[in-house]
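Novice: Here it is, the structure, as C-alpha cells.
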Amino acid sequence: MSSLFSKPRKQSAKSKKEPPQPRYQPEAATNPFAEDFPHALQVLRLSHEGRGVARTNEGKTVFIEGALPGEWVTYKVRKTLSRYDEAVIDQLLQASPQRQEAFCPHYVSCGGCQLQHLQQDAQLAFKQQLVAELLEYPEADMAAPLTASPFGYRRKARLGIKWRKDGRLLLGFREKNSAFVTATPECKVLMPELQALLPLLYEFLPKLEGRKHLGHLELIQGDQQLGLVVRLLRPWARMSPVDRRLWKNWAEKQQLQLVFQEDQGWVVLDEEAGQPAFSYTLKDLDLEFSVGDFVQVNPEINRQMVDQAMQWLDLKGDERVLDLFCGFGNFSLPLAQKAAQVLAVEGQQEQVARGEHNAERNHLAAKLNFLAADLNQPLKQQPFIDQPWDLVLLDPPRAGADHLCKEIQLLGANKLLYVSCDPNTLARDTKTLQSQGYRLKHLGIMDMFPQTSHVETMALFIAPVDA
C-alpha cells in the first residue's frame, strides 16, 4: 500500500521554504476523466499538515486542501510559487472510501481542524505511518496508538475576536491558512462545558462598552473548574466601571474563574483570592496549574501517556531520574512515586514554583526537587551534570532537544524517554541519539489532537550495554 504522507526535501539556502514533500511520488494512474476533465489530478498521498499531494503532467507539485489519497479532483489554485502550487478542490470526481462528511458546519473555513473529512481509523493510520517512516527504525517495537474520544476532548483553547463593520461578532479559531477569525458559535472538539460557553459569549460580549479593546479569549477547564482569560488591548485601569461590573456578574453566573491579561501581567477581580488555580488528577495525584502554564489539552490521553511512560521505564525503586522540560510536574510526580529520587528541571520559574507546590501537596517533596535552569545552554554548564542519573525523561517543545541530545551521554543514563510534539524534530534527535549508541526500543503515537494533523510521539531509547 502506498504511503499516505510526505517528507521534507532538502533545500538550498537560497530556495524558498516549501511544505514537506514526499520521499517518493507514486505514479498517478491514467486519467479516467480525461475526456471531460483533461486537467484532473489523482491525489497521491497526504502532506504532513494533512493536505492532498498531487503532481501535474509537467511534474509540478500541487497541495490540495481537503483532498485524500486516491481521489481524482479538479482544483483551483489559490497560490502559485515556483516549485509548487497551493489549491482547493473544485470538483471531486472520484472520492476515497475513507472520506466522510465533516461533523462541523464551520470545517471548510475554520483552521482548528484539518482531518474531519478523513475517517478516524484512517487518521490514526496516517499519523502512525508518518512517524514510522520518518524515524525508519524497523527494530523498534511499535506500540498501539493511545486513543480516546475524538470529540469533546479539548480542555484549553484560544479564540480570536473580531468585530465586523456591521457590528457583528466573530469569535473562534483562525481561518485555514489565514489570520482572519472564523465565527464559531459551536465547537465539538471542546469539552462540553467549554462548548456551552460559546453561545453565552456571543450573547454577552456585544454588551460591553469596551468590546473593541478585547484581543482574544482563552478557555480553560480543570477537572472541577472553568476559567476564562481575557486578553486586553489596553490597560485594565482604563476599563469602565460598567464593564467591570458586567464581567463580574457574568463570571459569577457562569461559575467560572475570570482573569484579565494586559501587557503588565495578570489582573483578577478578586485580589484577595489571588490568581485562580485549576487542577486535574493522575490516579491518586492531584496537580494544580494556572492560567499561564502549559498543560496537555487532552486529559484522557494525558493519563494514558503518563501510564505508558511508567510502564516503559519500569522503575524498580532505586533509580535517580532526571526530568527535563518538566513543567509543573506532569511526569515528575508519578516518577517520584516509584523512583528513589527525581530532579525536575524547567526554564520558567513560575512553573517551577507550581511544581514545588504540587510536590508538597502530594507529599512527595522529600523525593522530588524542582530546579529552574535554562535548558538551551550546554549540558556541561548545567548544575546537575556532575550527578549520576539512571533515567532521563525529555519532554521538549516543538523545536526538540538537538543540543541536549548531542551531549546526552554525559548524563550516563541507561534509559532515555523522549516525549515529542513534532515527529520531524524527533526524527532528527533520534539520529543524534543513535550516533551515540542509543537504541530505539519502543515507539508509539498518542492521538492528543483528534481531527487535526498534529501527532504526539513517545520513544524509549536504551543505552549501549558497555556504556
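Note that Cβ sites are derived from N, Cα and C of the backbone, with glycine treated the same way.
Curation plays no part in TrEMBL annotations; they are all automatic predictions.
Annotations per TrEMBL:
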ACT_SITE  Cys421  active site, nucleophile
ACT_SITE  Cys421  active site
BINDING   Cys104, Cys110, Cys113, Cys187  [4Fe-4S] cluster binding site
BINDING   Gln296, Phe325, Asn330, Glu346, Asp374, Asp395  S-adenosyl-L-methionine binding site
DOMAIN    30-91  domain 'TRAM'
REGION    1-29  region 'Disordered'
Novice: Under a criterion of Cβ-Cβ distance under 8 Å and sequence separation of at least 6, what residues of the same chain contact Cys113 ([4Fe-4S] cluster binding site)?
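Specialist: Looking at Cβ-Cβ distances below 8 Å from Cys113 ([4Fe-4S] cluster binding site), excluding near sequence neighbours, one finds Ala102, Cys104, Tyr107, Val189, Gln451, Thr452.
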Novice: Look at each of the recorded positions, Cys104, Cys110, Cys187, Cys421, and point out the one with the fewest other Cβ atoms around it within 10 Å.
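Specialist: Counting other Cβ atoms within 10 Å of each of the recorded positions Cys104, Cys110, Cys187, Cys421, the minimum falls on Cys104.
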Novice: If you count Cβ atoms within 10 Å of the Cβ of Phe325 (S-adenosyl-L-methionine binding site), leaving out that atom itself, what do you get?
Specialist: 20
Novice: Looking at Cβ-Cβ distances, which residues of the chain lie under 8 angstroms from Gln296 (S-adenosyl-L-methionine binding site) while being 6 or more apart from it?
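Specialist: In sequence order, Asn302, Met305, Asn330, Met448 meet the Cβ cut-off.
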Novice: Of Cys110, Cys187, Glu346, Asp395, which binding-site residues come within 10 Å of Cys421 (active site, nucleophile), going by C-alpha to C-alpha distance?
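Specialist: Of everything listed, what lies within 10 Å of Cys421 (active site, nucleophile) (Cα to Cα) is Asp395.
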Novice: Write down the Cα-Cα distance for Cys110 ([4Fe-4S] cluster binding site) and Glu346 (S-adenosyl-L-methionine binding site), rounded and given in Å.
Specialist: 34
Novice: Inside 10 Å of the Cβ of Asp395 (S-adenosyl-L-methionine binding site), count up the other Cβ atoms and send me the figure.
Specialist: 23
Novice: Neighbour count, 10 Å Cβ-Cβ cut-off, for Glu346 (S-adenosyl-L-methionine binding site): what number do you get?
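Specialist: I get 25 for this one.
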Novice: On a C-alpha basis, identify the one among Phe325, Asp374, Asp395 that is nearest to Cys187 ([4Fe-4S] cluster binding site); the candidates are the binding-site residues.
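Specialist: Closest candidate to Cys187 ([4Fe-4S] cluster binding site), judged by Cα separation, is Asp395.
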Novice: In which DSSP state, out of helix, strand and coil, do we find Glu346 (S-adenosyl-L-methionine binding site)?
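Specialist: In the DSSP reduction, Glu346 (S-adenosyl-L-methionine binding site) maps to strand.
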